[in-house]
Amino acid sequence: MAGRSRLLPCACLGLFGVLCWVWVSFASFPDDRLHLETLDAVDRGAFQPQSALSDMEFASVATYRGPGNADRRSNKELPILLWWSGGLFPHFPGDTERIDCSTSSCLVTSNRKVQLYKRTTSIIFYGTDFRAYEAPLPRLRHQTWALFHEESPMNNYFLSHGPGIRLFNYTATFSRESDYPLTLQWLPSLEYLLEPVVVPLEEKNRLRREGLAPVLYMQSHCDVPSDRDRYVQELMKYIEVDSYGKCLNNKPLPQHLEDTATATGEEPKFMNFVARYKFHLALENGLCPDYMTEKLWRPLHQGCVPVYRGSSGVADWMPNDHSVIIIDNFPSPKALADFLKHLDENDDEYSKYLEFKNHRHITNAHLLEALETREWGVNDMSKPNYLNGFECYVCDQENARLAAERAYRKAPKKNPPPEPKMASNSHVGCPLPRPGYGDVQDLPANDGWLQIWPQDYWQSLDQAEGLESLIRHNESDPSLLWKHIQNIAVSRARGKH
Ligand SMILES: *[C@@H]1O[C@H](CO)[C@@H](O)[C@H](O)[C@H]1NC(C)=O
Ligand SMILES: *[C@@H]1O[C@H](CO)[C@@H](O)[C@H](O)[C@H]1NC(C)=O
């Protein structure tokens, strides 16, 4: 293909630790699918950068010629991957591009016109945006679905139900069980963990004598499935907690910090302010296996001890076996408070939690290996980002599947058909939300959390079953979802389901 090309960092599966660049060229689709053969002609049209920024990026890489792969097919022979959630399309908006991945090439686009093309072999979805009543139907047998879901699972419980997640063939999620795991997406590097303690213990003790609480809580998103405030409120009865966010607020934030409190970035003034606390309450908004965010990694980075509730498997990813305090290891908020007070009064015991700041004390080989072998980077321009990485994973998988299908058709006796591949509940798998403290049957009927999250969870199961039914019936109108949900409920009530 002539002319319009640029360099993109992309997947380099199997070559861990080796940086590889992929050669990307632009193509676009004709408006009518009957004119597919004009693809290459259209491809020669003038390239129009969408913004000043993409203009710049384009200019800075346009002259690089990457190594590519051994895939010599022209654009019109390549399978097409369609990004259903255009907002996340990791290329210039509106473009169709050729991606040259580690073993094969594909075209990628966010143009929904290609939905029913024979060549469109896979549709990529963004989990947070995925809505059953907007799904691309009918689902074609030759098309796989790929799910990218790195954000909070509270945004879409649909994906936590078996019937929902099993609709997808490939996943990139926070779960280590997913096909392209993003588990450490919030941990930029090992160096981030090894950063020296910001406020030394003597200074923290001096601040304690001046009246600073031992524990920090800083949360402004209060109505969440993990119901964290209910736990923290109980904990506050037994130990002093300074709470600056909107949730359970008991202290005003100093004026010079107000603007930055809700920022997700690591503004130095704000960072130094929170680093003065010995303990940070770090409770995720949803409690799912392997869902861990900056709430956990940031205190470790700063040299404060996270008091954590979130992923049940968090210990598997910690620098060693004494760097985090896991809330659910304590029988009650009071028992936890007693333990925190004990550490607060025993410098040697407290300091053990920060031993990992010395490289020798990072003993978790699993963590080290995961950081070393992941192919994507976090805020690291020298590595591919995980969107491009996943897209290439799907591309290579699809090309391998197509090749296996061709081989099977040619010589069915010699070549087995490719095995179907689909996701399982372990790829997201967040359980039914439970109250942050106490039993659900003890909550009053008008409890705010009770009225939202358990219902949201069960309604999303209805939607998963409804979409499964739409697909099974080869429906092409996703808005029939509600009718299918109703039918399922009716036949269930009649004891038929
Ligand atoms: C993709 O997943 C669907 C739904 O679970 C399944 O029916 C289909 O066989 C899978 N396709 C491939 C190629 O594995
Ligand atoms: C499914 O629906 C599509 C579009 O409505 C139609 O072209 C196709 O023949 C149907 N397939 C089956 C197996 O009914």
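Just so you know, glycine gets a Cβ as well, placed from its N, Cα and C.
On the 0 to 100 pLDDT scale, the domain 'Fucosyltransferase N-terminal' (78-181) averages 95 in the predicted structure. The domain 'Fucosyltransferase N-terminal' annotation in TrEMBL covers 78-181.
Per TrEMBL, the feature domain 'Fucosyltransferase C-terminal' maps to 215-367.
TrEMBL lists 410-437 with the feature region 'Disordered'. For the region 'Disordered' (410-437), the DSSP-based tally of helix, strand and coil residues reads 4 helix, 0 strand, 24 coil.
Under the heading signal peptide, TrEMBL lists 1-27.
Counting residues 6+ beyond its ends, the region 'Disordered' (410-437) has Cβ neighbours under 8 Å at 127, 144, 147, 149, 153, 157, 159-162, 165-171, 173, 175, 177-179, 225-234, 283, 286-289, 291, 333, 397, 400-401, 404, 443, 449-450, 453-454, 457 in the same chain. Applying DSSP to the domain 'Fucosyltransferase N-terminal' (78-181) sorts its residues as follows: 23 helix, 31 strand, 50 coil.
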